[in-house]
Amino acid sequence: MGQTITEQILDDHLVEGELTPGEEIGIDIDQVLTQDTTGTMVWLQFEALDLDEVQTELAAQYCDHQTYQFDFKNTDDHRFLRSAAGTFGAYFSRPGNGICHQVHKENFAAPGKTLLGSDSHTPTPGGLGQLAIGAGGLDIAVAMGGGAYYVEMPEIVNVELTGELPEWATAKDVALHLLGELTVKGGVGKVLEYTGPGVETLTIPERTTITNLGTELGATSSIFGTDEKTKDWLARQDREEEHVELSPDEDAEYAETIEVDLSSLEPLIATPSMPDNVVPVREVAGEDVEQVIIGSCTNGAYEDILPGAKMLEGREVAKKTEMIVAPGSKQASEMLAREGWTAEMMAAGVNFSEATCGACIGIGHVPASDSVSLRTFNRNFEGRSGIEDDSVYLCSPEVATAAAITGKIVDPRDLADELGDLEAPGLEMGTKYGPGMGESDPDIISPDEAVDDGLIKGPNIGDVPLKDELASDIEGEALLKMEDNITTDHIIPATADILKFRSNIEKLSEFTLSRVDDTFAQRALDADGGFLVAGENYGQGSSREHAALCPMFLGVEGVLAQSFARIHKANLFNFGLVPLTIDEETYENIDQGDDVEIVDDVGEGVRNGATEFTIRVNDDWEATAHLDASEREREILAAGGKLSWTKQQHQSGSGAAPADD
Ligand code: MIC
Ligand code: SF4
């Protein structure tokens, strides 16, 4: 039987298992990426595993999320990351050089290779044929040490594109359209593979906008094949020789086909506060807008910013509106600057930011109270912008710029009609300036150019906490009952005041679930253990393993949810928390404060492959909870988490350890 592109790449990298959807497979990882807010834990874990050298073809450490460094803790983190990259053999991208996904795409992403990253938007270079997957930091540390990455073999869905985008509709609208149709959990357990005649009409920056937003669907990854456009894009990055042909076999079989006629799309917008609250822009037109931001890993390329610059030529940003451009990389900034576009935009009233995630996670440019902010980003979870009850909309750069010009949400087609001389900017490809392949880049320190030898840890950089082996009896309070689609931003918020403690779990854990209930952390500590209860898709969003690590630190022993998001579920196993699924009736019947006991011997059940556990609530009623775990995940859980398990494996010489021996 023929293979899809995903199956071809997985087959080439398979070290364990079979490509049967739902079965666990182990794959070899060619490249890894980490960033500043997840990276410190990655390297601390790498160190705790007694590893001394990166084993993958390439590892890259980016400093992108918090680059303003208004606290020594953050600057210390960046110095630690530089020292870790230098000591262990990774590339180091300096703070301000840009967002990991954009910089990785420009410099290293290669078709046909596997990439694992400690950030949920790692699938971005799927737009140029790389099979890229986001994971928790501990999985990255193990993969960097040469261990395989284990994941449930996803279903491969064919997203068949036909037609061509009309004027003013963009790649962002393709992604928003899918979000509106499939919702934030529609892609869980799936890889979306884009095929059909519409593909060749899309450029690489457009394709990577679509693959980036596949994360918001919960997808394991998203991927396009390669073609002349891929080759041309690599050539513009001076990396043409990395091109390989990739297409599905003619008789490849997909689990499902979703058709999208590009010609039928129009400007869309995600309204507050979920990326799948999608409506046509016209439905919310007229709403006052106080802030507009173009940038992020979704729409931060030169090609994403240029349309806004063209729309602003000879125009001004509305007086009551602030417009910020935060390029995704220094490369994008440099291209815009050299061509004079930066000056044009500044003259129109645009404020330029350094190339950083920043505002996307509430670091800088926090919106005013009771105001609307239009952003070209990928997430608008409540409070993520840095203020509670925010009102963040997600849209294309064209829609964002139209709002900046008028001070109101407006469909750019209607604005064009009104102004008479506003032309659809379309998409124009850029070519990078600066160092070519193999030449030294001042913003990327290669392992050969390393400037440190040994780790430099500031006072805020703590140790990685460990958990005891899984106990036989687990009983405790239902500490918090939550609804559907709880994000890891709810569990461990990002914002500036909290982010600086990412390397200090004791301190960070004080903020656990504070966005849902700010008494939680103290109550969990006082209760000395207990459970979290949640609805569907618990833990969606970011890959931050802190969302499992901090509850573990506070004594939480398990999560009872109707369903879990992929990366978070893996993180729960990695830190020894039992993820059990419950049905809707059980969810409805459990109240916060109830006493929950797992009746069976949990340690034994987990070790022996039990899939069902009886839970007794308030010594009154019983229900069945399910454990969906591979043999490897059970061993990890029983050992008290992946760090202990990997060490045990290493000591017993069973070969599963990521050691370089
Ligand atoms: C995000 O977009 O939520 C982040 C911040 O990039 C996270 C990573 C983190 O929490 O450090 C992600 O997407 O994984
Ligand atoms: Fe950075 Fe936002 Fe992209 Fe996350 S989604 S990597 S915070 S730009």
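Cβ atoms here come from the backbone N, Cα and C positions, even for glycine.
It is 641-661, from the ranges 221-241, 641-661, that TrEMBL records as region 'Disordered'.
Note on the compositional bias 'Polar residues' (645-654): residues 49-50, 142, 147, 635-636, 639 of its chain, located 6 or more positions outside it, place their CB under 8 angstroms from a CB of the stretch. In the domain 'Aconitase A/isopropylmalate dehydratase small subunit swivel' (532-584), the DSSP tally of helix, strand and coil residues is 19 helix, 16 strand, 18 coil.
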